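So that you can see what the record holds, here are the features copied from TrEMBL:
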DOMAIN    1-91  domain 'Cytochrome oxidase subunit II transmembrane region profile'
TRANSMEM  27-47  transmembrane segment
TRANSMEM  59-78  transmembrane segment
DOMAIN    92-221  domain 'Cytochrome oxidase subunit II copper A binding'
Amino acid sequence: MSYWGSLNLMDPSSPIQIEMMLFHDHAMILLIGIFTLVALLGVKLCLNKFSSRATHEAQLLEIFWTIIPALLLIWLALPSLRLLFLLDEQGSNGLILKATGHQWYWSYEIPSSGTDSFDSYMVQEQALTNGEFRLLEVDNRPVLPYSNEISVLTTSSDVIHAWALPSMGVKMDAVPGRLNMMGLYSLTPGVFYGQCSEICGANHSYMPIVVEFVHLNDFIN
Ligand SMILES: [Cu+2]
């Protein structure tokens, strides 16, 4: 908790979010390396005599300072592409959560549970009880099984919203007249929080997302 918490990131709770955080570390290694090198060269440049005997027409030097950055970019691009394709990977066991954005609340449908669609409004500040999170709790939250591939379908009834659950590494626009799909997979049971992530009007900040993950048996019951 403390490490990711100090970076203002939530603990990862899905394989894809773990991959994303590892890629974040991978990219930071490169960034910090480049920044340090450029900073050191900048300092050295300020201190030198501005003569260029060793760098003038230095073909070998130019070959290296072209090839090394190119290799570094490949080193960054390949894991990035791998992650991009992993993100598109989706299971197909038919378990679907449909999230519809409204101004300003979410409504959910879980077709396989046999229940009707229900609305999910934010709990107002004065109605909160001890231990609940301000601006994050909702009155009705969808319950899903953990360790199961779930497909989330997002759409909207009015303007563009975005359904996001940071600890699961999912964020998808909810566009009116369109159905977007993404994979959702939780490694652990628990309650997970997110927020609408597309500026959608006056109460954009007041339509949080809460999903509860339980054991498959409890979900079936
Ligand atoms: Cu919204």
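Keep in mind that glycine also has a Cβ here, set from the backbone N, Cα and C atoms.
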What same-chain residues lie close to the transmembrane segment (59-78): Cβ under 8 Å, and 6 or more beyond its ends?
26-27, 30, 34
When you scan the chain for residues with a C-beta under 8 Å from the transmembrane segment (27-47), skipping those not six or more beyond its ends, what do you find?
72, 75-76, 80
As a quick check of your reading of DSSP, tell me how many residues in the domain 'Cytochrome oxidase subunit II copper A binding' (92-221) are helical, how many are strand and how many are coil.
17 helix, 54 strand, 59 coil
Using DSSP, tally how many residues of the domain 'Cytochrome oxidase subunit II transmembrane region profile' (1-91) sit in helix, strand and coil.
68 helix, 0 strand, 23 coil
